[in-house]
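Engineer: Can you keep this structure in mind? I'll have questions shortly.
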């Protein structure tokens, strides 16, 4: 007889396997999922699913520790971090560990400690994962009801949501405490070219913090990605941590309202799709943050942003040609606009040439040369400091371009040093992974809605090639 529905339809999500079957939850007969469907076999085995999640956390933390130690072992203190392909040490340096004025690394021991702590933690998580996957109870509902759940139990699900929110809030406050009490964090805007400092004067004004959310995402505005001082960043974490913690308490104490019970799909696959959607949003925001923001991701560690490298080149050649006698205030370029300086449509004096599109860049090496109406001609003639020239020349030659076609005027050389900026790596990886997560969100949301509506057909298995093959065993 032709099977119209996939086996999965007959294993509704609320079924509890009680562990009496030797292989319950391990084979296609008991779960409706083949071995390659991974954790789908464990949908109703809360104990085994716990093991899978703990083991996964162990793998993540093991990677963090091992990669951390690998970067420490290969680190050359005399070279900038962004020239060495590092993606973890810049994060530790940004948190103020091991660095001094100007972002110079003065002690690598904290990085070593971080790697070892992550390795030790991964061993604990790995043991827990193996224990719960192989030895622990298959389901937690009978023995440990607090940790047990049924996917349809809306009250339990929002309690779990609340616990997660509280943990996220604590994570946000860890950064706040580091910045306020435990040595401070690295501030690229500190006078004289950046330094580690404690953040004393937090921005807690809701109009400022939530004003970022109301900004346009386009040039000159830049939504939350435009944040450019640490007081706002740390103050934002106070707000976010508080909202997460109070929201978590709220979700633990309350049951979902009727409109939420009706509007949402309440199944394991639905929760998976919600989570993937959230992670996709995180990935896209992280991509924009690491690409454009040089405060949360200081250029001393991650290399310049694209706009920063382009503006640095304009500045470098302005300095050179001014020394050679050019009048940078009035020289015309090939388009009839100013060669070195021009006016933006709103009247500010900005760098001329192709870098004009990046007129809204803010960077610590450039801001001292601005006046009330943009770049100040008298400061450009008299006040340029050697450290600004050095830094802009360094950033000009380390643009995070990869092989883009439109490079904002940055001189590109096919025989140049083999260099890929960590900004390119981090922005691209987070965009690509965010996109994959978004596709996964659509896929699982569609399946969850179909299952809830009762028309999940599944694939017709009658003519599948594997049915005519010899069994593996």
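Note: Cβ is positioned from N, Cα and C throughout, glycine not excepted.
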Engineer: For the transmembrane segment entry in Swiss-Prot, name the matching range from 46-67, 112-133, 134-155.
Structural biologist: 134-155
Engineer: Transmembrane segment per Swiss-Prot: which of the ranges 203-224, 225-246, 291-312 is that?
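Structural biologist: When 203-224, 225-246, 291-312 are checked in Swiss-Prot, transmembrane segment belongs to 291-312.
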Engineer: Please find, within the list 19-43, 69-93, the residue stretch that Swiss-Prot describes as transmembrane segment.
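Structural biologist: Based on what Swiss-Prot states, transmembrane segment spans 69-93.
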Engineer: In Swiss-Prot, which of 255-275, 318-338 is labelled transmembrane segment?
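Structural biologist: In Swiss-Prot, the transmembrane segment feature sits at 255-275.
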Engineer: Can you find at least 3 Cβ pairs under 8 Å between the transmembrane segment (134-155) and the transmembrane segment (291-312), where each pair is 6 or more residues apart in sequence?
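Structural biologist: Counting Cβ pairs under 8 Å, fewer than 3, so no.
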Engineer: Neighbour count, 10 Å Cβ-Cβ cut-off, for residue 367 ([CaMn4O5] cluster binding site): what number do you get?
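Structural biologist: Step by step: centre on the Cβ of residue 367 ([CaMn4O5] cluster binding site), count other Cβ atoms within 10 Å, giving 11.
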Engineer: In the three-state scheme derived from DSSP, which category covers residue 367 ([CaMn4O5] cluster binding site)?
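Structural biologist: Assignment for residue 367 ([CaMn4O5] cluster binding site) reads helix.
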